[in-house]
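Student: Grabbed the feature section from Swiss-Prot, which reads as follows:
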| type | residues | note |
| --- | --- | --- |
| REGION | 1-27 | region 'Disordered' |
| COMPBIAS | 1-14 | compositional bias 'Polar residues' |
| BINDING | ASP54, ALA55, GLU56, TYR57, ASP58, SER103, LEU104, GLU134, ARG157, GLU194, LYS311, LYS335 | NAD(+) binding site |
| ACT_SITE | LYS136 | active site, N6-AMP-lysine intermediate |
| BINDING | CYS429, CYS432, CYS447, CYS454 | Zn(2+) binding site |
| DOMAIN | 612-692 | domain 'BRCT' |
Amino acid sequence: MQPDLFSTASQADANATPEEPDASNPAARAAWLRDELNRHNYSYHVLDNPSIPDAEYDKLFRELQALETSHPELLVFDSPTQRVGALALSAFPQVTHSVPMLSLGNGFEDEDIIAFDKRVSDGLNSTEIEYATELKFDGLAINLRYEDGILVEAATRGDGATGENVTTNIRTVRAIPLRLHTATPPKVLDVRGEVMMYKADLAKLNARQRDAGGKEFANPRNAAAGSLRQLDSRITAQRTLRFFAYGIGMLEGAEMPPSHSALLDWYAELGLPVCAERAVVKGAAGLLEFYKAVGQKRPTLPYEIDGVVYKVNRVEQQQQLGFVSRAPRYAIAHKFPAEEALTTVQGIEVQVGRTGAITPVARLAPVLVGGVTVTNATLHNEDEVRRKDIQIGDTVIVRRAGDVIPEVVAYVPEKRPVDAQPFVMPTNCPVCNSPIVKLEDEAIARCSGGWVKCAAQRKGGLLHFVSRRAMDVEGLGDQLVEQLVDKHIITTAADLYKLGFRALAELDRMADKSAQNVMAALEKSKSTTLARFIYALGIRHVGEATAKELARHFGNLEALLQASEEQLLEVADIGPVVAQSIRSFLSDPLNMELIEQLQAAGVRWPEHVVENKPKPFAGKTFVLTGTLPTLSRDQAAEKIEAAGGKVAGSVSKKTSYVVAGADAGSKLAKAEELGITILDESALLQLLDTHE
């Protein structure tokens, strides 16, 4: 028998049916109705096992609504009646995740998974690793924050660091408990999971949309995302969204379960929906067996998945492996082969990117691939077109690589028409007519016009400049930038800060309010960081991580501007190609003029001078654990990095020192086991003072 998760009574009492109070006691009657409706909600939306007919549920629901209307003092925040939606929002506020929502690395072939298992085994110095395996849902990643057991906030993944607050809409998802089913909830619990729409629910939604003359959704993921991002939560409430929990962010006031499988079992006890399609296996053989079994079952599943996920099961081992870049070393997504379809190439055009890259693009007869209608597909570069021998008129195999980016895989020889036309790379840019050039050691051809002559490069460069990870100018999208460039209102990024209110308000699809918002966003963007500014400049080969390293190494813009190629090569992870690209960009008078104009416009950031003195911790790796008496972890890390040291997230044989504070956990034990030098805060500060 299914335990009663809604009662705070003992397990022995959990299965008892509470006595039904009559209407003479409204408070008791309302409490009983809430319990009954929550119980039936859980059976229907989480267990997928309806316990009463819909008509009986509706009868109880209407009775509770009537009671709460006549006795407003009985209304509580987590009443089932409060899931119907609230008044529309004007926008979704931003939420900074306490623990970043990281992405996973991908594997596509068996060899990728075997290699992953070997990396894990080597990293743990162990064989036959125990893994937790689960499905990779094709929905929208969400973080649910519970405080003292109550749902207080829900946010989308966003860029991993910052998402959108969709709490009002999430409250309408009946599968998600508004209160955890426990008498002893954690102080803070961040539940990570996926919001999705079942295939059958999508079919019903599209039927309603057709009848109402509304927009139909191509696939369940689009429907889930579109429904969750409705500013009017009453619309969200009308759409059947589901949720599965699969991960954790912040946890305070409770002990972390020892394994991922134990975490999911705990979630189920708390009343959170957890997918039953999961297992604990050992080694690469167990992973591949799970993948094969799920692949065979995939067509019969009620929801869309695009792969499976493998995670090292033991939390202690996860912590030992740590992270690389923006992904954990202890987990990987094993993607299913991308869906493919046949269509014809109606033409091949070239697109010009922000760095002048010329990319051939196949214009295709519309075809449905993986639930999405595809009309264009990348051909990457001229050499790739030649290698695959793609011609206009060909019947081709189109694949959504990684189920996202459409690409042409190959042509079908027996279907090639006699009048098929080979692709001819133009000699001049289709946008500005500048010569197209191609260096001997590069596969990509480029427009030589630069952003001064080429409108396509200007548009691409400006869109990059205002993007979220660069200057983060909200409201400046493709259509607006296109108008500004095409109407010759702006030429460079510096011109953005010279824009007047009237010039913006008179553009198509703009009004006074929108123009005011863009003006405010531009003003706000002037206060930035050196790393963001460097990244926003769009220097070829300089991504986010490289921009951060440059800012950290040089400390201020002037030092970077004066740096030689040799000095640039001293920066972590910068090689000759990147150093030459940076030096070439900074040697161009037009680029230097742009930087000066941006600073004159008021773009600013905090700078610090990097002192040219020995780095005593160079080559040393530190791990921080526990709570230090006076320094936060960030402050301790800054001091270590300023002295040339590296701060890692996990302990290994390569660790030089472990800095331990109060409540140090498994990292301290691991350090003692490996014989690594352990420092407290005072010893760390003394070590730093010794070298000053």
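Glycine residues also receive a Cβ, built from the backbone N, Cα and C atoms like all the rest.
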Student: Which secondary structure state does DSSP assign to CYS432 (Zn(2+) binding site), in the simple three-class scheme?
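Tutor: It is coil.
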Student: How many whole Å apart are the CA atoms of LYS311 (NAD(+) binding site) and CYS454 (Zn(2+) binding site)?
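Tutor: CYS454 (Zn(2+) binding site) has its Cα 47 Å from the Cα of LYS311 (NAD(+) binding site).
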Student: Compute the centroid of the Cβ atoms of CYS429, CYS432, CYS447, CYS454, then list the same-chain residues not in that set whose Cβ lies within 8 Å of it, in sequence order, for the Zn(2+) site.
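Tutor: Nearby residues not in the site list: VAL352, GLY356, ASN428, PRO430, VAL431, ASN433, SER434, SER448, GLY449, GLY450, LYS453, ALA455, ALA456, GLN457.
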Student: List every residue in the same chain as LEU104 (NAD(+) binding site), at least 6 positions away in sequence, whose Cβ is under 8 Å from its Cβ.
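Tutor: When sequence neighbours closer than 6 are ignored, LEU104 (NAD(+) binding site) has VAL309, ALA327, PRO328, ALA331, ILE332, ALA333 within Cβ distance under 8 Å.
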Student: If you count CB neighbours within 10 Å, which one among the binding-site residues CYS432, CYS447 has the smallest count?
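Tutor: The binding-site residues CYS432, CYS447 were compared, and CYS432 has the fewest Cβ atoms within 10 Å.
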Student: Residues with Cβ closer than 8 Å to the Cβ of LYS136 (active site, N6-AMP-lysine intermediate), same chain and 6+ apart in sequence?
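Tutor: LYS136 (active site, N6-AMP-lysine intermediate) has long-range Cβ partners ILE305, ASP306, GLY307, VAL308, VAL309, ALA333, HIS334, LYS335.
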Student: Rounded to a whole angstrom, what is the C-alpha distance between ARG157 (NAD(+) binding site) and CYS447 (Zn(2+) binding site)?
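Tutor: A Cα-Cα distance of 36 Å.
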Student: May I ask for the distance between CYS447 (Zn(2+) binding site) and GLU56 (NAD(+) binding site), taken between their Cα atoms and rounded to an integer number of Å?
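Tutor: Rounded to a whole number, the Cα-Cα distance is 68 Å.
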Student: Measure the Cβ-based neighbour count of CYS454 (Zn(2+) binding site), defined as the other Cβ atoms within 10 Å of its Cβ.
Tutor: 22
